[in-house]
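Trainee: Before anything else, here's the structure in question.
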Amino acid sequence: MRTRRFLVSEYAVLVALGLASLLALVFFDIADNVMEGNTREADMAVLNLFRVPGDPSQIIGPVWLHEAVRDLTALGSGTVLTIIVTMAALCLLLLNQRRGAVLIVVATLSGTLLSNTLKLGYARERPDFETIYATLTNSFPSGHAMLSAVTFLTLGALLARFAGPLRLKIFLFAAAIVLTLAIGASRIFLGVHYPSDVMAGWALGAAWALMWSGVAAFLQRRRMLSGLGKGQD
């Protein structure tokens, strides 16, 4: 039985790292096309779907929808993600899951550093639209899309690893995916990012989360992470 669990854990690590590598390649492919200008036409076509015909300065839909999307996009902001990560880390610490707390903090902090570095390196300007949402950084990749993926997918995978019933594991990870997709889509709706920015952010953020998920699986295999509530740290 122990040998079987060992092999399953090894397989999980390899799958996670393999998917992370594949998603990283997807990111760089998108980045190459963005830098060559190949995505410009498609990007603008999608952005214009959410603009009033004849008046691209206005977003389609009623004011309440605009406010709802702003609230949704705020879930991927640095402030909100910091609060979520802090609360999650403190919760893990109270449960004597010190290494789990360190894992989520390191994953998100390193992801933030990577996102900011890439924004400076690619230096892509934002879409030229009037927006109802302030922007302070470059456009590529979308920080909201990438960091929400890093934070929620890593946290979802970590909590799913501790969860008992399979249906709870599926729910936690599915919720993380849906929230990540919704936050990224809100950036396109508001016109503060090109679709290619968001897709690149999703790809790299998911790759980063999978990499740290692989780390978590490896640490659990080595008995460095215990089940939720067991308090073996």
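Glycine residues also receive a Cβ, built from the backbone N, Cα and C atoms like all the rest.
These figures come from a predicted structure and were not determined experimentally.
In case it helps, TrEMBL gives these features for our protein:
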- 12-31: transmembrane segment (TRANSMEM)
- 72-95: transmembrane segment (TRANSMEM)
- 101-213: domain 'Phosphatidic acid phosphatase type 2/haloperoxidase' (DOMAIN)
- 102-122: transmembrane segment (TRANSMEM)
- 142-163: transmembrane segment (TRANSMEM)
- 170-194: transmembrane segment (TRANSMEM)
- 200-219: transmembrane segment (TRANSMEM)
Trainee: Thinking of Cβ pairs under 8 Å, which stretch from 12-31, 72-95, 102-122, 200-219 has the most of them with the transmembrane segment (170-194)?
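Mentor: Of the candidates 12-31, 72-95, 102-122, 200-219, 72-95 scores highest.
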Trainee: If I take every residue in the domain 'Phosphatidic acid phosphatase type 2/haloperoxidase' (101-213) and average their pLDDT values, what number comes out?
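Mentor: It averages 89.
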Trainee: Under an 8 Å Cβ to Cβ limit, what residues of the same chain, 6 or more beyond the ends of the transmembrane segment (12-31), are close to it?
Mentor: 39, 122, 140-141, 196, 199-200, 203-204, 206-208, 210-211, 213-214, 217-218, 221
Trainee: How does the domain 'Phosphatidic acid phosphatase type 2/haloperoxidase' (101-213) divide up by DSSP, counting helix, then strand, then coil residues?
Mentor: 86 helix, 0 strand, 27 coil
